[in-house]
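S.K.: Pulled these from TrEMBL:
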BINDING   N99, H104, E109  oxalate binding site
BINDING   H102, H104, E109, H148  Mn(2+) binding site
DOMAIN    50-201  domain 'Cupin type-1'
SIGNAL    1-26  signal peptide
Amino acid sequence: MASSILFKHALFFILSVLATSYIAQASDPNILADFIVPTNFSTPIDGNFFTFTGMRRLVANSTNPPNFKATKATMVEFLALNGQSVSMAVLQFPAGGVNPPHTHPRSAELLFVVEGSMEVGFVDTANKLYTQTLQLGDMFVFPKGLVHYQFNADAKKQATAISAFGSANAGTVSAPVTLFATGIDDEILAKSFKTDIATIQKIKASLATKP
Ligand SMILES: *[C@@H]1O[C@H](CO)[C@@H](O)[C@H](O)[C@H]1NC(C)=O
Ligand SMILES: *[C@@H]1O[C@H](CO)[C@@H](O)[C@H](O)[C@H]1NC(C)=O
């Protein structure tokens with residue numbers, strides 16, 4: 001009897017440990033220092049290391065570019081983010097601009113509309129589509145790893161959003177680029193999309209030439 005209770009306690013303990021380590025692995029790994037300085041970093045560390053000025057030019061210019069543009073501040077552009085499990089991006093949409101379906105394999109995305117309005121949507125693993133029309137000041141969360149998009153449906157006004165990520169390097173997998181601009185064989189794509197090779201080649205050609 002006592003041994004059976006002990007066994008239950010042991011089992012519960014093991015399951016708790018497994019669950020905890022699973023949760024820990026669901027985000028960027030923990031670091032064993034306050035912050036990570038690249039080994040080849042030559043200048044002494046001061047406040048500048050923790051500062052990113054790459055968004056200044058966006059704030060200085062109130063006109064969005066003619067095509068959708070994402071300006072990122074990940075650990076690639078902003079070295080101090082390495083190990084901190086956070087990053088950001090500024091998403092600029094011209095009137096009618098779209099951020100095509102894509103996923104971020106390593107993080108959820110918390111989007112905050114700071115100018116205009118936008119249509120957003122994501123598809124879960126049961127192929128259910130969730131959509132919303134966001135107004136200025138609204139936030140929307142795209143769950144980690146799920147295919148999603150944003151679209152500025154307004155024909156006259158531009159729109160801008162700021163997105164936060166729970167990874168220093170969330171990664172972006174663009175559905176159109178991944179499928180049609182990486183050299184996957186035309187026949188494989190034609191069969192997969194239940195269409196002909198000419199249609200696949202047409203899509204590949206427009207992706208290669210149009211922004
Ligand atoms: C350090 O090394 C990385 C990768 O090798 C390189 O991209 C970066 O420019 C280097 N930085 C400096 C300050 O030398
Ligand atoms: C502002 O950005 C727009 C769109 O990219 C560009 O056409 C324009 O030249 C920029 N204006 C200034 C002052 O840099």
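Backbone N, Cα and C define each Cβ position, glycine as well.
Automatic, uncurated: that is what TrEMBL annotation is.
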S.K.: Can you tell me how far the Cα of H148 (Mn(2+) binding site) sits from the Cα of H104 (oxalate binding site), in Å?
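M.R.: It is 9 Å, counting Cα to Cα.
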S.K.: Using the Cβ center of H102, H104, E109, H148 as the Mn(2+) site position, which other residues in that chain lie within 8 Å, going by their Cβ?
M.R.: T103, F122, F142, L146, V147, A170, T172
S.K.: Suppose we draw a 10 Å sphere around the Cβ of N99 (oxalate binding site). How many other Cβ atoms does it contain, all chains included?
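M.R.: Its Cβ shell of radius 10 Å holds 23 other Cβ atoms.
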S.K.: What number of additional C-beta atoms lies within 10 angstroms of the C-beta atom of H148 (Mn(2+) binding site)?
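M.R.: By my count, 22.
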S.K.: For each of the binding-site residues (H102, H104), count the other CB atoms lying within 10 A of its CB, then report the residue with the highest count.
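M.R.: The most densely surrounded of these binding-site residues is H104.
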